[in-house]
Structures are given as structure tokens and as C-alpha cells.
Amino acid sequence: MKTLYSRRRFYHVETLFNGTLALAGRDQETTGFAWWAGNARLINLSGKLLGAHVAHAGLIVFWAGAMNLFEVAHFVPEKPMYEQGLILLPHLATLGWGVGPGGEVIDTFPYFVSGVLHLISSAVLGFGGIYHALLGPETLEESFPFFGYVWKDRNKMTTILGIHLILLGIGAFLLVFKALYFGGVYDTWAPGGGDVRKITNLTLSPSIIFGYLLKSPFGGEGWIVSVDDLEDIIGGHVWLGSICILGGIWHILTKPFAWARRALVWSGEAYLSYSLGALAVFGFIACCFVWFNNTAYPSEFYGPTGPEASQAQAFTFLVRDQRLGANVGSAQGPTGLGKYLMRSPTGEVIFGGETMRFWDLRAPWLEPLRGPNGLDLSRLKKDIQPWQERRSAEYMTHAPLGSLNSVGGVATEINAVNYVSPRSWLATSHFVLGFFFFVGHLWHAGRARAAAAGFEKGIDRDFEPVLSMTPLN
């Protein structure tokens, strides 16, 4: 295969390497990268790079299957999922598998099947990864030109992009088909405290779906994270899946326009940086979604959101004190504002106390008590159902706050319960990983742009002092 660029110009940072550790000819002399630079050694070996990626997919799927079975083995049906440190079973339950009314787990067998299927898949991927890493052809261009590529071949790169987009679109439609035809998904808003249901009346109106993108990210607006009904979520997946598939077909059939050829850097490291940037955005959005959204991430499985736990505490004490004879409509708190209820600046009736900052919370156990002007006093006096009391008392004591005292007014006690909410884990991990991916995006973008501009970054390796020193061994 003809190399389209000089190695010196493209591999602009050379790394020190102990030659005795050369692996199958992929040493620093032949690649410009040391063993610890990992897959960078395989930039021009498409067959070996395929092996690395397939093996990596095998590791990911193996973790999913093994962790899935671990959670099934430790699962106690009598306790809520969020009390058991589970992060995978809540996702399966949200998809409607194994759960019934109120999010109660009625069958763990689907979870077991999911774990086993992932383990079997990981074995296939693992075998493929080892085969392509050790036995398969080093490069695919000669024997399998369809799967071969040169990083600078812009047309081939957009074709690969198109194939990826089509696969993502199919993934989005898998959720749509599950919700429409294959048993439905769990809806936390179903009457009486949540249930699995098929989604029949999809929201396909572009003004509603794309209206989410135009909303402010702040306060009661909340951008796309504010979505609170499954019709909109599944309808959004129809739109996303369609856009991905049509965009994929477009990128397969067309060549990049002149402005794109000029504006973008066309090298392996540049594509890596673009991908890391996209994943960073996904991570930050996922962080906000799992922290604030209790429709896509139902509180029955993931535990309450922070605002939800705070509002649940206000509601629980309102119920208690109302039973003890308090007039919750007029009682004053220590600041002179309403102790149980007050008005927001725009006039809605909201819970009083520190939880006032979370006045815009929407939760299935609370919404039935609202009227046209916020919380309805007559409903609070006459219509509170036992399931609402039970759920709010449960959520009050399971805030996703660790043991910080008085966050949003939630009374926490470090000795009370050994509990970390899955929302805390998932939100924190996705924020931290999203940040790392963003730094990786900046790093690889800088290297790729430097290489494209034809200059090297870093110290001059030819006259580096360490080269004149005795080897360690």
C-alpha cells in the first residue's frame, strides 16, 4: 500500500522505546510510536487496528454481561433497586423487562437472559479480536478492499461515517419498536404510580420535538432534559433514527464538498479527536439527564432526583402536620414566608421552606395534587392517596446527596443508612468521563492540526540529553 504522506511529517512526535520489547515488528523504528502508545502503532495496519477495536468491543460487552449477572445474583426483590447499588438492572427495568405496576420486579429471568446473551456475544467478539490482532491480515486493503481504507481518502472516510450513522439510526429504532410492538416500556407517569405500557400515540410534530432544542437550559425550561412524557421520548427517537439513517445514506452516496475538504483535517488522529469531542458532549448531556430527569430515568429504579427528594420531604411533613391539625395554607415559617406552602414570584402555589428553589419539579406522585395555579389547597386537604404518602416518605430518605447536611432542606444523617444513589454514581461518572474525553479531544486535535500544518510539537528528539545516557539495563 502506498503511503500518502512522509512518516516524519505525519508522526510528528516520536517516543522513546526499549527495542527489546518489539512486538511482531511493530516497534518504534517501523511505526514512530513506542509500545505504550498502544493503537497508535497500528495507524497504517488496518487489519490489526480492526482486531484492537473488535477486542475492545468484546471487553465492553463482557463487562456488561458479567456485571449484569453479578447484579442479578445479588438482587433482592423486596428492596428497591436504588438501595442495592444497581446500575444495569434499572436500565433493563426501564425498558419494561421484568417489572409490573409501581415498578415492582415480578420476574428476574429476562435480566438473566440479558446477561447470558452479552457474555456469549463477548466471546464471539473476543475471538474475532484475537484472530484479527494475531492471525488475520495486517492490512485489509489488498484482500478486502471494501473494508480497507487510507485515512486521507476523504470519500472513503465519509462512506464509513455514513455506515456508522445508519447503525446508530437502527439503534434508535430498536427502542421505538420495543416501545410500540414488543411489550412497551416502563412509564413512571402511568396512573396509580407507574406501569409498563405500549406507546401508541407518538409525538411526531417537529415543532414539539425540535422545540426542546430551542428551550433555555436554565430554570423551569431545562432544554431537552425537561422532557417528561414517553410519547415525546419515543417520537424523538423516530426523528433521530430517521435523520441518522438518511444522513448515513447521504454520506455514503456523496463526496465531501470543497469547503469541508478545506476546513477539516483528514487524518486518523483528527477523526479520533472529532469522536472524543462528540463523546464528551454525550457524557455531559447524559450527566444532566440522569441527574434531573425522572421520566427517562424513573425514580422507582434510580431513586429520586435531588429536587424530588427535597420536595418529597416538604410534602411528607405537610401530610404529617396537617393530620396533627396544622392549617397548612396559612402557617408561617421562621422567615415569615409560608411554612408549608407559599407563592412563587409568578404566582403559583409551591412548597415553602428551603425546597422553594425546586418549585419547578414535576413528579408523578405530586402532579395529581396540582391545579391551574400550582398546588391545589383543597386537593392537598382531601385527595392525598396512601401511595403518594408512601412514595414521598421513601424518596425523602433516599436523596442522591451522600451525607451532606441540609441540601435543599433535606435532613440527612450520616449514621442513618449506608446509601449512595445510582443517580449520584451515573451523573458523576458521566461528568468526569465526559471531561476526560473533552481533554482528550483537545489533545488529539492539537496534535492532528500540528501534523497537518507540518510542524512538530514537543522537544527535539534528535538532541535529547537522555539519548546520550547509559541504558537502564
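Cβ from N, Cα, C; glycine included.
Small disclaimer: the values here were computed from a predicted structure and weren't measured.
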Stated Swiss-Prot location of transmembrane segment, expressed as one of 108-128, 234-254, 255-275: 255-275
Feature transmembrane segment in Swiss-Prot, mapped to one of the ranges 2-23, 24-45, 134-155, 354-375: 134-155
Recorded stretch that, among 69-93, 134-155, 178-200, 255-275, has the most CB pairs under 8 Å to the transmembrane segment (291-312): 69-93
Helix, strand or coil at E367 ([CaMn4O5] cluster binding site) [DSSP, three-state]: helix
